[in-house]
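Visitor: Swiss-Prot lists Arg22, Glu79, Lys119, Lys453 with the feature (6S)-5-formyl-5,6,7,8-tetrahydrofolate binding site. What Swiss-Prot lists as domain 'TrmE-type G' is 215-376. If you look up Swiss-Prot, you'll see Asn225, Thr244, Ile246, Thr249 marked as K(+) binding site. Among the features that Swiss-Prot reports, GTP binding site is placed at 225-230, 244-250, 269-272, 334-337, with the record citing sequence analysis. Positions annotated as Mg(2+) binding site by Swiss-Prot: Ser229, Thr250.
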Amino acid sequence: MTTDTIVAQATAPGRGGVGIIRISGDKATDVAMAVLGHLPKTRYADYCDFKNATGQVIDQGIALFFKGPNSFTGEDVLELQGHGGQIVLDMLIKRVLEVEGIRIAKPGEFSEQAFMNDKLDLTQAEAIADLIDATSEQAAKSALQSLQGEFSKEVHELVDQVTNLRLYVEAAIDFPDEEVDFLSDGKIANALYKIIDKLSTVQASAKQGSIIREGMKVVIAGRPNAGKSSLLNALAGKESAIVTEIAGTTRDVLREHIHLDGMPLHIIDTAGLRDTTDTVEQIGIERAWNEINSADRVLFMVDGTTTDAVDPHDIWPDFINRLPANLGVTVIRNKADLTGENLDMTEEKGYSVYRISAKTGLGVDELKLHLKSLMGYQSNLEGGFIARRRHLEALDVAASHLQLGKEQLEVYLAGELLAEELRMAQLALSEITGRFTSDDLLGKIFSSFCIGK
């Protein structure tokens, strides 16, 4: 861990009413004496002059001093809050750098110091960047929940449960004559099942949190001329795709990134799916399936003039059967302006079915509400925590090891192998909060932060 004293502008670059310079490290007191002529009282706002090396006043403002470890970074921290002109702030940083042993902070280094000094865990540190980058009230609320430790709490509980079960299993192994009895008495199995269930709940919440942060990838798929491109245009609010009566007009993947009440949505229009000998169209269809396989949701577009069916298994069983097992599907019966169908939503065998006219826009607003709901939008802002893709991957790894451990227990009564799978699950979960994390990962995470955070 670095022992350097670092300085950076904590407010956004440019012109503003107030500009803040932040200093963290052992030399913060030296900076106070050099720039202010005195050390401000801890946690008191001190209005004073900021002076250069010859004693001339650079600016006037508020100085705040926080004595470590009772500060954001866990070190001595000095904040100089002056006027927000960039020239003035640059002059002030230059003055601070004249004090021996001070250097400019790297992006995210203040938060990294807080993490290293156990003031934050890794999910809380990441939540700072997510709160700054939030594009909706829901994302901001969820990021704040993570910053306050809600996600960390769930992960710590899982780690503790896995660790305790692992210790119990290893204790059973220490008594080989009784190991089979320990493993078959149901106590270990019940504890393992409870952990798997809890992890599944956390995974679902994290998946929702990831969608709130990163957006939901929605693929519009169906047969040619079902109205996929018209729906893309209707959702995007502009003519993004060429629309004609000729089947197969769209031959490549088209993407639009929009926000629904601040919630990011990535919409992808794909080539119509059908058997074809056209080489270019075949490539487009292959790309369409690649997008479908990595989607968060599929909007299955159906030309309502060609069938009265609402169950997707009746409409196109081969398509539905080829979809990934856990991929959510919303059925869109298009061309309601021609069929005269009521513009309503129904549930059919577990599938949401919407009747719309992509051409006229009828029913599209209701579909947008549906998509917002899938992304976790809540008007009362009572949401969960925010999560990143790396969190989902770590949870998936942990879940995989727990399932393997379950197999070792149920099929083979193999205590040593179960203990090893529990250990691997524990490591995967601990990576989320940074308890066991490589330096390379830490560098990648904090380098994406703003300078001054």
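Here the Cβ of each residue, glycine as well, is placed from N, Cα and C on the backbone.
Give me the structural setting of these features: burial, nearby parts and distances.
Guide: DSSP classifies Lys119 ((6S)-5-formyl-5,6,7,8-tetrahydrofolate binding site) as coil under the three-state reduction. In the shown protein chains, 19 other C-beta atoms lie within 10 A of the C-beta of Lys119 ((6S)-5-formyl-5,6,7,8-tetrahydrofolate binding site).
Following the DSSP three-state reduction, the secondary structure of Asn225 (K(+) binding site) is coil. Within 10 Å of the C-beta of Asn225 (K(+) binding site) there are 20 other C-beta atoms, taking all protein chains into account.
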Visitor: Pick from Arg22, Lys228, Lys335: which of these binding-site residues has the biggest number of other Cβ atoms within 10 Å of its Cβ?
Guide: Lys228
Visitor: Please report the number of other Cβ atoms within 10 Å of the Cβ of Ser229 (Mg(2+) binding site).
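Guide: Its Cβ shell of radius 10 Å holds 24 other Cβ atoms.
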Visitor: Should Ala271 (GTP binding site) be counted as helix, strand, or coil on the basis of DSSP?
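Guide: The three-state answer is coil.
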Visitor: Given the binding-site residues Glu79, Ala271, Lys335, which lie within 10 A of Ser229 (Mg(2+) binding site) by CA-CA distance?
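Guide: Those close enough are Ala271.
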Visitor: Sorry to bug you, but what's the C-alpha spacing from Ala271 (GTP binding site) to Lys119 ((6S)-5-formyl-5,6,7,8-tetrahydrofolate binding site), rounded to the closest Å?
Guide: 51
Visitor: Give me the count of other Cβ atoms within 10 A of the Cβ belonging to Glu79 ((6S)-5-formyl-5,6,7,8-tetrahydrofolate binding site).
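Guide: Summing over all protein chains shown, Glu79 ((6S)-5-formyl-5,6,7,8-tetrahydrofolate binding site) has 21 other Cβ atoms within 10 Å.
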